[in-house]
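> In case it helps, Swiss-Prot gives these features for our protein:
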BINDING   11, 12, 13, 264, 307, 311, 412  ATP binding site
BINDING   11, 81, 82, 133, 242  sn-glycerol 3-phosphate binding site
BINDING   11, 15, 264, 307, 412, 416  ADP binding site
BINDING   81, 82, 133, 242, 243  glycerol binding site
């Protein structure tokens, strides 16, 4: 039997999953990760806790699977993107907590970069917006605020990495300092056309090149896990940021194929092949997971509050005792009764980009109940995702392609049948849930398997992907369009 081990290091937890060569889950293990909030708008993780929890789950999952490390053909890594770690090359000790992707402390740097007129340069070279979301400004903050850090960086004594680089360094006992193109593309320092760090961007942010990891394709040999950690030297064969890994795990290998991950937020990616397409509709362009040195691209849109709206129903409104009960409450009414919830708790992301927006509930009447609000909250996830897909379809058509024909879904909230059916109704296309919804970890396993000969090609991997259920639209297109108009009207009311 052939086994692949995926390390899935996320924002809220570290997970490890063992897959067989057919892409089926054999065993999994998970440990929560402590969230650190030093002040409003700041979010940190302890890099040593990231490593401890990830190693512990890797050991645990091998035991659960009843296998030894020598039976594992390859290891893949997928990770929360943009989160920034800086450590000593000599001791391996972090010089500061990891600054998490949600952290906004670097916004003043972004204001300065925009004022200097760098937005067009950043967008042309990286596909990204100038935003504190991305790693480059977080790295600059560490260099500017940790005593002695900038001088140590100039001397080549420090290493920077996103979470994948940090894990690779630990797994190889500091012998490998590397990242893949998908993670590099989230730093605002990486030229997605040349697949290299960009000197002009490094100068703009005053970041020494000596800090940076080597860049490899997502499917490549990054080194071997030190035998003392898991019991054998396992090749590290795949590395990708979580959303690009999910795109790969969904077997979205051809231009125009789209996946949406329904997690705390929602992340929609459309593969655009070897074509770099700038969005005219509020999306960003990013590197897709690459199996060769040739660049591959994806368009991406991010919804800040997806499944988190269900947590708000539970913890804020106390409408439900547990998240799993939201579907039953929402199904207790035939529709939302004209109620619209726009969960702009932290502003609105793509395609609106309204940082000043705040959450609203509109359309309330004396007949409105908690069930109507719960249904409207659940439907808000589908409305936001529909706005993303419509933006992607417009971009695709403007670039000479076709409108999106099918949406592949994954993430925790995709198990909610009511939500998936409403999503299909709004979009007017099939929404397809795969048999294996652990697609983020599966993508890392597939990438590792490709690099080590378990799979011959992405065509072979495509044959392994299986649908569990297809949700077909059951709503008249005119009614779906009317609902989207109501949604857009509600969105306009979120900014005072």
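Numbers here mean position along the shown chain, with the first residue as 1.
Note that Cβ sites are derived from N, Cα and C of the backbone, with glycine treated the same way.
Can you tell me where each of these features sits in this structure?
Non-local contacts of residue 264 (ATP binding site) by the CB criterion (under 8 A, 6+ apart in sequence, same chain) comprise 11, 12, 305, 306, 307, 308, 311.
Every protein chain shown contributes to the tally, and the Cβ of residue 82 (sn-glycerol 3-phosphate binding site) ends up with 25 other Cβ atoms within 10 Å.
In the three-state DSSP assignment, the secondary structure recorded for residue 15 (ADP binding site) is strand.
Over all protein chains present, the Cβ of residue 81 (sn-glycerol 3-phosphate binding site) has 26 other Cβ atoms lying within 10 Å.
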> Using the recorded sn-glycerol 3-phosphate site (11, 81, 82, 133, 242) as reference, state which further residues of the same chain have their Cβ within 8 Å of the centre of those residues' Cβ atoms, listed in sequence order.
80, 83, 100, 101, 186, 241
> Here's one to test understanding: among the binding-site residues 13, 15, 243, 412, 416, whose C-alpha is closest in space to the C-alpha of residue 82 (sn-glycerol 3-phosphate binding site)?
243
> Among the binding-site residues 307, 412, whose Cβ has the fewest other Cβ atoms within 10 Å?
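Relative to the other binding-site residues in 307, 412, 412 has the fewest Cβ atoms within 10 Å.
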> Measuring CA to CA, name the entry from the binding-site residues 13, 81, 133, 412, 416 that ends up nearest residue 243 (glycerol binding site).
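For residue 243 (glycerol binding site), the spatially nearest of the binding-site residues is 81.
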> Around residue 11 (ATP binding site), how many other C-beta atoms are within 10 angstroms of its C-beta?
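If we count other Cβ atoms within 10 Å of residue 11 (ATP binding site), we arrive at 20.
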